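Have a look at the structure below before the remarks.
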Amino acid sequence: MATLTTTQTSPSLLGGVVIIGGTIIGAGMFSLPVVMSGAWFFWSMAALIFTWFCMLHSGLMILEANLNYRIGSSFDTITKDLLGKGWNVVNGISIAFVLYILTYAYISASGSILHHTFSEMSLNVPARAAGLGFALLVAFVVWLSTKAVSRMTAIVLGAKVITFFLTFGSLLGHVQPATLFNVAQSNASYTPYLLMTLPFCLASFGYHGNVPSLMKYYGKDPKTIVKCLVYGTLLALVLYTVWLLGTMGNIPRPEFIGIAQQGGNIDVLVQALSGVLNSHSLDLLLVVFSNFAVASSFLGVTLGLFDYLADLFGFDDSAVGRFKTALLTFVPPIIGGLLWPNGFLYAIGYAGLAATIWAAIVPALLARKSRERFGSPKFRVWGGKPMIALILVFGIGNAVIHILSSVDLLPVYQ
């Protein structure tokens, strides 16, 4: 069993919390009010809290297994050693699928929100053209260097945080209790629409690839890393709660049917909020925040996919090697964005389906196998075998729910 040691000068806790929270919180949050409109606020909060609990513990299970390996060991290395090549291939395919589908989702989202932004300036730029232009700009930044992405992300993330607090502070001030409690629909039914929200909740708490990175950052210091995971995921949960309050407290439940029918993309949701708030300054803040949210998510996801493909195909870090990787990274999702410009909601749902493998099922299997091989390490996720079983059921259940929803076997709020 590996000895657990702590680095001499451990970095601040805040850095790790920001890494986890920043990874989780992105443009995917715009899908939540639309897909949760059937279950509405209180049942949606129950789904979010349950998902937060399961996704936190699946991340802790990755940490438990990771602590038995040298610092720098990747998710890929641990999976291959503990579960074998078969599971490693399945895990790798699911990671690549999630990154590709999210890249497509953010091309779709960027096209829609840029189209809306240009419309506000009386410019008619088609969503397809806007999405293509933005994707090519991001591709250029990613091709330049990881350092260029890091600098751009830092700028965008800072702007996103500022506009987030300005926007949501204003949104909460406009919340109507009658709208939030859906007083107008006294006999409304909510629970039939609860299950279909779970895959979207799962996709909204993805951070698991960062757990090995935190061990490189802090050393084998499980107490600090656990705090990073708890506080980072809690930060996301709080912000999602504020977002649901701000949207469901301002847009009446029936109006979400029309938003979903128009594809549920970001521009449609922003237009709906603008229509009920009747505030030019808040409308401007929403548009600015939406642009920064999409940009930060787009940069983070595409850099992850770029690095994954470069490692997979063995492309070097030269200009030619990075160009080859950039082509593989951006061409398939750009084609998808041109053919299906309004697939944001569907893409987030499919990301949730694939993420069940590497964010729930594989972590539970890693924890079980790690305990069998290494005995009792100094850190072990509480709950024993029942907790592992819960995470497995959560992952498999989410996959089944998404498949049932895809073939129209679950009720849809319409």
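Cβ atoms are placed via backbone N, Cα and C, with glycine included.
Because TrEMBL annotations are produced automatically, they should be read as predictions rather than curated entries.
Owing to the predicted nature of the structure, the values given are computational and were not obtained by experimental measurement.
The transmembrane segment annotation in TrEMBL covers 12-34, 40-65, 86-107, 127-145, 152-170, 190-207, 228-246, 284-309, 321-340, 346-366, 387-405.
The transmembrane segment (127-145) and the transmembrane segment (190-207) are not in contact, since fewer than 3 Cβ pairs between them lie under 8 Å (pairs 6 or more apart in sequence). Contact between the transmembrane segment (190-207) and the transmembrane segment (387-405) holds: at least three of their C-beta pairs are under 8 Å, each pair 6 or more apart in sequence. Counting Cβ pairs under 8 Å to the transmembrane segment (40-65), the top-ranked stretch among 86-107, 228-246, 284-309 is 228-246. By the count of Cβ pairs under 8 Å, the stretch nearest in packing to the transmembrane segment (86-107) among 228-246, 284-309, 321-340, 387-405 is 284-309.
The stretch in 152-170, 284-309, 387-405 that contributes the largest number of Cβ pairs under 8 Å to the transmembrane segment (228-246) is 152-170. The stretch from 152-170, 321-340, 387-405 with the most CB pairs below 8 A to the transmembrane segment (284-309) is 152-170. Recorded stretches compared: 152-170, 321-340, 387-405; the one with the most Cβ pairs under 8 Å to the transmembrane segment (346-366) is 387-405. Sequence-distant contacts of the transmembrane segment (152-170) (same chain, six or more residues past either end, CB-CB distance under 8 Å): 22, 141, 239, 242-243, 246, 279, 281-282, 285-286, 288-289, 292-293, 295-296, 299-300, 303.
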